[in-house]
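What follows is a set of notes on a single structure, which appears directly below.
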């Protein structure tokens, strides 16, 4: 189908095997990640470059050299540096672009017929599978970041067709709603017209196969409903913005200041000249002469510096596996004020362990699990002889009053409920020697414990089923219609699954209706969060209190309940349920209403507690970050109690601190009262839920953010992925401070991309977050070193480097100004051709660039005293103040060098060039030595290398230097005298400053 852009997304009807019936044109199914195509590449890259004020300015200057009247010196003095900068950039972009092109091409050229163990190319409705059960598993790690498998069901009408070819002979179509963002919902219908009663089947999320997921078992056949731009996976990827660091913005501001200085200086020169002759031409010549005030090599130096920092981060053995994906912002790591972190998988390991079973009167912990085991063994051995009933033998006491059940039978009921009410499937690795094709009968199936693994959509569920296995009731088999449990005695119990109501984030609960094969009893089991379940179960006095107790211990709680149904009750329910499922409008509401009719007065069985363990060294890391003045916000999708207790156990909130739990608010008035109540508290952590947050931001955005920013720690629970990103943007907008987001799952991607600096952890939830992030780490604890050592160094080094490069340009412009004013304001260049090019490159480049190796304190000290990091957030290493100091230094040194040379020069003009240029080079080298705080052997090499280059080149530059004069003693002493006068005062000043107001780091190193 030719890909015509459709602006409006529409619902569609797709006929099976009849492409000619399709009226609409839909986008073609190709993925495109490239930024440019063949024609837009060069213009696009150049635009990105000349968007910066700096580069545009140089382009104008270089072009002006083609005008004869304005020509100063040689063309290459201007074009060579500019050409170099552009070449480096274009090559870097071209390599990136080519990689993207190859990746896209590889993705788009895959051919598909039947799908087995391949990525699904577009969104489809699942029609048929080779599996006997009519269902298959898919892996969705690329779509939602979850590593577990999901069960998908084929449309039963097409699955029942006798042969594959019949798909084309039937007259059927699929109706699908218009494409949308939500990957967890879908509404559609399947209609077959040529059968006697027309077949209508409702399609839901479990009949779909989204693009980018992988078929894990069997082969599947589907009908394509969305392609290309309309697939769920493409609609959910936002285009990441290009991140620009704060330091780059600050330097851009300074270059603008320099530009105004340049214009002012030129105007002053022309004014002093007295506007004689063609003054505007002279003005332009002055502008060109002084154009060195703005250093072209600034960008190149900084970009190379960034590459060097990235290389150092990746080579650091203390944080192995760290990857720098965005090389442009390493300095941001040194300026962070807010750290927004995900909870599950980032602070915790996402590994669940069953800890507690509570039955209302009795509670079992890890040390008393053996009691449960013996109860289970007893209750199943009583009726092993009497195999008709699988429940413990109960005498039919219909008339007798309901006696309080014994503990043993209650444990038995609870364990059975936990073993049945879930969405877990046991998967067996096939033994060697058994070919995968042979479908062996149930009896031969290898139910041995060694090669069984459980697959489910959440680690909590697996933990529960593993626990029932440990106490003796094992889930051994499951397909779409039945489940089999193995008792401690080795008997297999079969249960037929009549209905299953999956867990959703709205309902916060899941249910299942099963029929016991041996007795025919129908039971409705349910488990879910305490908030959702407390209204459903019969009245009791212990549930709420115990849930609170477990949450304080840091356990995730689930409430389990059951209800027995008669055959009539069930049949009535089923007909209403199926009717609701076929409706096209408000289907979800109608289905929920039918299910709710069952969820009344259920019998409460037990409460389970599962623990999620913290990652390694979370506590010391959070402690260090807090001491560094970083405010930590925890944004999680989890419920309030769990989030609060993890915040306490990870020491995000310190022991002594109060925790203010923001009450749920829904209206403006409530929000107002609650904010006032919070305003009265001092130094306490804030815990707020996602929906209350929405209300506050709607009415009192500014006040809320202001209050929250004063808190030492903030926990937001029940946050959706978009809310996480929204909070990041709010902080950036209101505080103007730098933010950093860290997470590990697909649900954190939007937050990571919105933050100034995004860090991804390669976790259990797949690699999606670490691929979208700017920096990817393997463990949470590495973040300490990444910020305290690398972030701090990158920022301080880049600040020093940037200012030094500016100083290098200013000093030569000052000399030019002095020179021109002495010679009656003539617009004549002081240094010709190669001297200028050599000055900016070969003579001073290496020592100046070696500043990227400088460090003020050793990494161990920086980690030991995170307070050092606090100073950086004020941005004092690079500000207008420090910049002005450098300007003054440049003016002083330039003036001394020039006047000194003019005072001391002999009869010829050529000597003034030789003396001043040599003194200039020496001054630059000495200034680098003055700036450095910790020497590195490469720095020494760079200093001597540059000096050597200069001395060697003196022999070749006969047109500028008189070799006979250079070798005389007078030349040497004059140069030395000038250099000493220009540098000694600065050394003295620096020494006095260190003596009387030492910086914080020097106090530690002394």
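These residue numbers are counts, starting from 1, taken along the chain as shown.
Backbone N, Cα and C atoms are what each Cβ position is placed from, and that goes for glycine too.
Annotations in TrEMBL come from automatic prediction, not curation.
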Of 203-222, 223-242, 283-302, the range TrEMBL tags as transmembrane segment is 283-302
Which range is transmembrane segment per TrEMBL? Of 770-790, 833-853, it is 833-853
Among 748-768, 937-957, TrEMBL marks as transmembrane the stretch 937-957
Note: in the chain of residue 342 (active site, 4-aspartylphosphate intermediate), residues six or more apart in sequence with C-beta under 8 angstroms of its C-beta are 634, 635, 636, 724, 742, 743, 744, 745, 747, 748, 751
Checked against DSSP, the composition of the domain 'P-type ATPase N-terminal' (22-79) is 29 helix, 0 strand, 29 coil
